[in-house]
Amino acid sequence: MIIVDDVGGLIPKISHSPWDGATLADFVFPFFLFVVGISLAFAYKRVSNRVSATKKAVLRAANLFLLGLLLQGGFFHNIHDLTYGVDIGKIRLMGVLQRIAIAYLLVALCEIWLRDVREGGIGSGYTIIRKYRCQLLVGLVLTATYTVILYGLPVPDWVYDVTSPNSTMKHFMVKCGVRGHTGPGCNAVGMIDRSIFGIQHLYTRPVYLKTEWCSIDSPNNGPLPSDAAPWCEAPFDPEGLLSSLMAIVTCLVGLQFGHVIIHFKGNDERMVWWSLSALILLALGFSLDLFGLPMNKSLYSLSYTCVTSGTAGLFFAGIYLLVDVYGYKKPVLPMEWMGKHALMIFVLVACNVAPILLQGFYWRVPNNNVVRHLNSL
């Protein structure tokens, strides 16, 4: 995530896709959700008190959500500004950590409450599916709900205002009146967020600013073209409410991969189940993309969910084979350390907290600090 955030501006193939399609950067967040799901299989392997476990899960999710509000709600300003603070009326309500908190909580509740707690060995694929059938049903219901709303909910025309740097107000009207549209301006994902949260609480630098409709330097950020689409300057949250349903599904897929570790003790059995499941997800995802349901991170489309989850499954199986089966542990020790401290690293580096703290220490004048000198190299 750190690499794609910092290098993506220089190499478009690494940066997030402007809209449809997927680049290297678009696989990072689903991988994280996938691993969260795997970890929950271990965290709730044995639950002696469901009520107590539920309280702890709710508290942990609430702490993560509040941390996301602080880090990504606008409280911290640009790393070159020694200022902070946010207007509560314009705070961004959703974000990366908030989505992780939502996915974590829902999947944790599934693992605590929706599984067959009767003891007994898992002798086949059928028995593991039966044991966790309620969790699989939740995933199917979430997928069906997302799909029905995305393609069935009509999106009306909408308006918004933008204040330019010279304090003049610009008024825009976006004409929609469509159903099932998956473009940047008239999709149900954005409409639901605008209706529930309010447009002032959404992300103000959406990725579609790099599309050809909104940038003369597409696929990079650039000045607006003279015939820019009316929605180009509108906020849009890539971690919105409706798209979070499919993020939960990604976490649920990871949970099922974790169950394979819990119930199958042989390496061959684990590799077969992981590889088969991952390949099925990949085949389904690419087929959906081929037949008109494109991969899209901002919408967290079904094809995107299948392809990223399947790829995460293959990567996980490959790392397990190299590290746990063949014993190549030393080369991955740095990644192991980062995995154990992922939240701390995300907060300090990916959320620019470390640069902001470093820039607070300067010599005589604020501009004379380590961060500015590094940027000038």
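Yeah, the Cβs are placed from backbone N, Cα and C, and that goes for glycine too.
Unlike curated entries, TrEMBL annotations are predicted automatically.
Positions annotated as domain 'Heparan-alpha-glucosaminide N-acetyltransferase catalytic' by TrEMBL: 24-109. Taken from TrEMBL, the feature transmembrane segment applies to 27-45, 57-76, 96-114, 134-153, 245-264, 271-293, 299-323, 343-363.
Counting C-beta pairs under 8 angstroms (sequence separation of 6 or more), the transmembrane segment (57-76) fails to reach the transmembrane segment (134-153), with fewer than 3 such pairs. Proximity of distant same-chain residues to the transmembrane segment (271-293), defined by a Cβ-Cβ separation under 8 Å and at least 6 residues beyond the stretch ends, is recorded for 125, 253, 256-257, 260, 264, 301-314, 316-317, 320-321.
Non-local neighbours of the transmembrane segment (299-323) in the same chain are 22, 26-27, 30-31, 34-35, 38, 143, 146-147, 150, 182, 187, 189, 243-247, 249-250, 253-254, 257, 267, 270-271, 274-275, 277-286, 288-289, 293, 329, 332; each lies 6+ residues outside the stretch with a CB under 8 Å from one of its CB atoms. Sequence-distant residue pairs (6 or more apart) of the transmembrane segment (27-45) and the transmembrane segment (343-363) include fewer than 3 whose Cβ atoms are under 8 Å, leaving the two stretches without contact. Distant neighbours of the transmembrane segment (134-153): 110-111, 114-115, 179-180, 182, 187-189, 191-192, 242-243, 245-246, 248-249, 252-253, 255-256, 299, 301-302, 305; these residues of the same chain sit at least 6 beyond its ends, with a Cβ under 8 Å from one of its Cβ atoms. Counted with DSSP, the domain 'Heparan-alpha-glucosaminide N-acetyltransferase catalytic' (24-109) comes out as 60 helix, 2 strand, 24 coil.
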